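Below is one structure; the comments refer to it alone.
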Amino acid sequence: LVLELNQVIIPTYGTVPDQQNLHAPEWVDFDDKTDSLFFKDGQRRIDFVLVYEDESKKMSHKRSDRKKQKRKRQVYESNLINNGLHLEATRSVLDEKLIFVKVHAPWEVLCTYAEVMHIKLPLQHNDLKTRDSAFNWFSRLFRVDENIIKPEQEFFTAPFQKEHLSNFYIQDKDTFFNPATRSRIVHFILSRVEYGKKNNVKKFGINKLLDTGIYKAAFPLHDSSFRHPSADPNCPSERYLLYREWAHPKNIFKLQPLDFIRKYYGEKIGIYFAWLGFYTNMLTVAAVVGVGCFLYGCLQKDNCTWSQEVCDPNIGGNIIMCPQCDKVCTYWNLNITCESSKKLCIFDSFGTLVFAVFMGIWVTFFLEFWKRRQAELEYEWDTVEFLEQEEQVRPEYEARCTHVVMNEITQQEEHVPYTACGKCVRMTFCTSAIFFWILLIIASVVGIIVYRLSVFLVFSAKLSQHISGTEAISKYLTPQTATSVTASLISFVVIMILNIIYEKVAILITDFELPRTQTDYENSLTTKMFLFQFVNYYSSCFYIAFFKGKFVGHPGSPVYWLGKYRNEECDPGGCLLELTTQLAIIVGGKAIWNNIQEVLLPLVKNLIGRYSASARSEKVVARWEHDYHLQPIGKLGLFYEYLEMVIQFGFVTLFVASFPLAPLLALINNMLEIRLDAWKLTTQFRRMVPQKAQDIGAWQPILQGIAILAVVTNAMIIAFTSDMIPRLVYYWSFSVPPYGSHSSHTMEGYINSTLSVFNISDFKNASKPLSPWSGNQMTCRQVYRDLRYPPGHQHQYEHNIYYWHVMAAKLAFIIVMEHVIYFVKFIISYVIPDVSQKTKSKVKREKYLTQKLLHENDLKGVKKTMGKIADKIIKGADSTFRHKDE
């Protein structure tokens, strides 16, 4: 591509003209047409705007630096003109130091670069008949009115070629290239034009000029205000339509006009909103099933036998529980956990198992159907055979190219920023830094655990739990609940603070790594950020689900953290309710925080900018000046939006067995997220440079990895975190002879048989309660279901046969559930093709027409030319023979 540019497009590429040969933009005054999108002549459309501060009015730089900056800018603008672009400069109305350079690409330049960039353009109307879906009448209720946003005409397209210009569907040269395509072509040129040399290294591209402050901004124009249509009758006011029919809150239940979004913002923005909308629609099914499982748990709450036993004063009221901490904690009745056991019945029910299996299958349907939808969009948006142009080297990489190496492919010398040894050193340092910060995240989780262990002592001392009942204890505020809620809130605050820190750390590490291209940079940053966020968000949930209460010993021999803190125990019903609380706080708090942050920050910045501008002047302002005062979208574009949604996807799938309402919360958040993101793009940010994109990029394999991991985590949550397997084992094996005394399978007696007995006299001095025991009983019950032999047995305090039955059942459940779901996932992936037959037919039809229109016309031309040559030869031969005969 570079060779093609050098030979065909930019013959002077790499040369810096002399001062006397510099071309300058035309200078014009603003004509008070605030909605104008054209040069002052009203004919040439503005495709891009460059903004710089007049060097003669700058006061923050040395005079020599200002001259250098002015020289680079003048050279750059001259080279733009040499490459066929038209430039027109206008001074700002509000700030006389600012200069706006408007850029226009004429027809010849657009055609030339469209061929270089392999842009697909329409050949003829799509003649394939499309059958309406059976649900088309229903979906029409939620679509945008076609009289307001007209559906885009469907064309068969082909990569543009100037020599086949007559074969393309050109009704009007001014509209053949839409504004988004024009801006993309101009940005392609802006990114490749040179402005200087240093040590024989070419300096080129608008990005470098923006980074060095020579230009303050570079952006394509919005076509109108979002508040009202353009005063120009020829302007379609697409921004206004997008705001009114897409970004406005009243459209929260409407389908998105994806083709219109893609037309205005380009494929990269379009594919993000297509994915987010598809994900939100699929969440509707998961949310309905999740709410159904939640309601099932609510209905079964009153019929929960084991919870009734906990609450029964004759059963739970007579069961004395061992202290949960050393010395300061005292004995307590089991029935004070009555309310938490009722709540646990809601989430730890048969519906939980059904929902976990359903979500394992749902996520497969989501990913497979998204592949099909993505394939349809690739065809409709002309990215099926998208050829990635040779990507521009990042200015940061280019600036450090001081070493010369031989390119193995071209056998030419090229400049690189480091040697092979230097690259190894950088990679080693970056890898070490990543592991260090991950360990730091884990250390913060350990800090939360230590908080749990230490504060539990305080709550146990303050929230006294005497079995005599002389002191009123709130049935809702137990030490476990108080510790869990406060720890979850602190964990959420720590997570949000660490997010801010690790975002900057990840960027610093990636900058030091010095990736060559922007794609390499984004992929590297994506990996680091997701790794950081994964550990940051999920580590506390993994701890509660799989580690808390699993390694605690027994009352006579507890396990200590750091030799000081007694390991944390679960509630008598397990840690599932605490995991549910943690997820509810993090998922809900994260959604609220992110949405407030996304709305307030750009809004406040723009309000400050507008207020300061209006304080200076009440004059009529041009469209380019309005757009300049909006917020820039940032180099990473939609990276943070993708990251936010993928982290949410992890919460919805990885721990959904403990919180069936997670899909509902995600659905509500996403319905708001779509409109908030749309509102930001249309009202608060400058128009992005349209970019091509085939898919969601590196996020696709990350989603697939989360989907695979989710099957394992949900199986282990049901097996090890919930109390379902011990209850099933008791119901089918230990409630009836030979282990039980009931004549039929029942849950009666489950609580009494699963709480291990401990002799009070076996307490060690280090853990013996300070409060003396005043009752007649000489035993207490272990808080968690550890299933040990009672005192006096020959194997006292060792795990009993029930424990090993339960462990075998848990392992068998995990293996069976994983294999069943993975098998179903494999079948679904095999049965559902990634590309539908309808899309395949359209692609084949387009290829056939391309070959027919472009290549057969060439053959006709060749035949016609050859026929003329043959006629001339025959005529010549006839005249020769005739001459001989004479």
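Even glycines carry a Cβ here, placed using N, Cα and C.
No curator has checked TrEMBL annotations; they are predicted automatically.
TrEMBL lists 38-258 with the feature domain 'Anoctamin dimerisation'. The domain 'Anoctamin transmembrane' annotation in TrEMBL covers 261-846. Look at TrEMBL and you will find 272-297, 350-370, 434-461, 481-502, 645-668, 702-721, 811-832 tagged as transmembrane segment.
When each of 434-461, 481-502, 645-668, 702-721 is checked for Cβ pairs under 8 Å to the transmembrane segment (272-297), 645-668 comes out on top.
Ranked by the number of CB pairs under 8 Å to the transmembrane segment (645-668), the listed stretches 350-370, 434-461, 481-502, 702-721 are led by 702-721.
The stretch in 350-370, 481-502, 702-721 that contributes the largest number of Cβ pairs under 8 Å to the transmembrane segment (434-461) is 481-502.
Across all of the domain 'Anoctamin dimerisation' (38-258), the predicted model scores a mean pLDDT of 85.
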